[in-house]
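What follows is a short report on a single structure.
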Amino acid sequence: PGTGPRRLQVFADLTPEELAQVVQYLRGSLGMPLADAARAKPSDNCIASVDVQLPAKAEVLRFLDAGGARPPREALAVLYFGAQAEPNVTEYVVGPLPAPTYHRDVTVQKYGGKLPYHRRPALPAEYKQIASFFKEQVFPAAPSFMDQVMEYDGASLATVTTAPRGSRSGDRLTWFVMFQNVSGFFLHPVGLEVLVDHSSLDLAQWAVRRVFYNGQYYRDMSELERIYVQGGVRVEKVRRAPRDGDFSSMRPRVPVAVMFPLQYEPQGPRYSVRSNLIIFQAWSFAFGMSVTTGMRLFDIQYNGERVVYELSVQEALSVYGSNCPGGMSTRYMDSSFGIGRYASPLVRGVDCPYSATYVDTHTLREGLNSSRRTAALCIFEQNLGSPLRRHYSNLQSLYYGGMVNSALVLRSITTVGNYDYVWDFIFYQNGAIEGKVQATGYTSSSFFHGNGLQYGNRVWEHTLGTIHTHFVNYKVDLDVGEVKNSLVAHDMAFEVAQAPWNPEQQIERPRLTKKVLDTEDQAAFRLHSVMPRYIYFATNQKNKWGHQRGYRIQIISFPGDHIPEASSMERAISWARYKLAVTRRKEEEPTSTSVYNQNDPWTPTVAFADFINNETITNEDLVAWITAGFLHIPHSEDIPNTLTVGNSVGFLLRPYNYYDLDPSIYSPDGVFFTSEQNFMACEVNPITCLSQTASCVPSLPPFTYDGFQNISRL
């Protein structure tokens, strides 16, 4: 009853019309001018972003399951107030949509106080202002050095920001790293890095606080120029790369040959997409795209029964090492830049199968008008090329039974600076769900000098591929059978026993161990700790065989080490302490982190460690916070791009005694025949008739692409 497309609009992203209504309402109701964020100065007031404000879970369930009133549709607007006496970031809930009449300041309610202005994520306008600062003030302060060493011509350098910005709360000091402005510039460092203080709201007060070049530090560009003219700078001249980047170019080195295999649906898609509702076989769910955290799913049902209320990405974190200042101080928290904002247009036939369904998204971020991202999501059914299950019987009864492993995939790909993250949610016909992320794109690099080999591998003449970690955090609000669940751990232990038929014979046999994890502290598993191999959300309902129905969490991860907890910024990323933490679900704990943590990790706006306070988790509404990651030591095969092979992590949600038997046995994809049947007959074995059902070349739509936008972290 809760799966109709109109009903699931309660989870839907805002439409362009709704976004426009929110902007119009705010501009007319706040009693102050609002600048266009695309051109705003730090001292202006502006709308930074608008996204949907999701209703409380209890309201939604009353509406979906109990015939209650539809919750009001609302938006969450984030505003930067740089023109106020006390500059700050304010969050308003605006509603009801589509014709707003009210706004509520929820900042103090959500965060316990006002949001200091220095915590705000940087707008593209601020990066443009910094670019002008470099061009008009920084580089002209060292004319001889820039001309003779950098060969700077006004456009030959690309600049990449680092983060966080400074070393203590209140700072807004950023190391900017210079690269040759060529294709794949991330692999072309020139050895120059500049620390800019852009904390003042007056652009005229911005200043250079330190300069680094080829292993040496200077007070500012003027000092670098003076010492260079005197012959005191150790120069390492970098050969100017061609515009295509040479070794960093992704241009194929050989001509196109035989076409690679294509996947198609001989009788059309077996799934449907209606508004924000997807239905595939026994699955149904609502989907959306958060500006900050990317793909998110709601009300995931199998055979009409909800198993997950919310499944969403929370954060993607990278911690770098280097002997250059920019690299060694980088801890990117990508939600601050916008995992959904930087969802890139998908290329048909490469990023997703050619015949996939492509979905556009609309966002309002850093402007007064919404923007459309064409083909930001794709949906497709994928034959994984192996059986989901099979058995060949040549003993006693003679038969073959099997089933192709064909699953539904929902995908988006985020390009945040140098890295591309391929985000997948996969739905299998046995009731399992997989969350997976694959990393590709360009590895970040530093200028190779001195003891650089302690921090990575040399991958080109002047390029050090810098060691770094990747951590991704997910929120999984499982509702197994009902809203309230418990967490149960099953594992094994060997016991030594005498053989009942022969007391002199000793047998070492594995036995099942069982434990209910009663508290949040018991359910918080440190990153490298031993965790029970079967850990599952259990309901008090039982299956036919008397077992608690459950869904098991299985994590696929090979992480590096978490930043030491003694670090002054560790609490801001304390979710990464744990591979799994299960807590009571609370409306006031909707996310494991905050976009404001990136620029002030020393006083985190949200500290996940505070969620874990030993509350009981037996028969409660629970949330699993899952962290998966890997250590990346870049090597020569990462040039020009890091490959997805081997760089894939995530988790599985698998039914554990939830059903009375494997539900895929009811799938129409099963194949079965015995030695007594004519397995060449279509009615016995449909695979036999593929030449009739799947012999035609599909009618493929024309190739299109949404073009390019010149956007980056600077």
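Glycine is treated like the rest: Cβ placed from N, Cα and C.
Per TrEMBL, the feature domain 'Copper amine oxidase N2-terminal' maps to 32-102.
Sequence annotations record features per position, and here TrEMBL assigns domain 'Copper amine oxidase N3-terminal' to 121-215.
If you look up TrEMBL, you'll see 263-665 marked as domain 'Copper amine oxidase catalytic'.
Within the same chain, residues at least 6 positions away in sequence whose Cβ sits under 8 Å from that of ASP334 (active site, proton acceptor) are GLU315, ALA316, LEU317, SER318, THR414, VAL416, TYR421. Look at TrEMBL and you will find ASP334 tagged as active site, proton acceptor.
Sequence annotations record features per position, and here TrEMBL assigns active site, schiff-base intermediate with substrate to TYR419.
Sequence-distant contacts of TYR419 (active site, schiff-base intermediate with substrate), defined by Cβ-Cβ distance under 8 angstroms and a gap of at least six in the same chain, are SER318, ALA439, THR440, GLY441, TYR442, SER444, THR642. Here TrEMBL flags TYR419 as 2',4',5'-topaquinone.
For the domain 'Copper amine oxidase N2-terminal' (32-102), residue counts in helix, strand and coil come to 10 helix, 27 strand, 34 coil, using DSSP.
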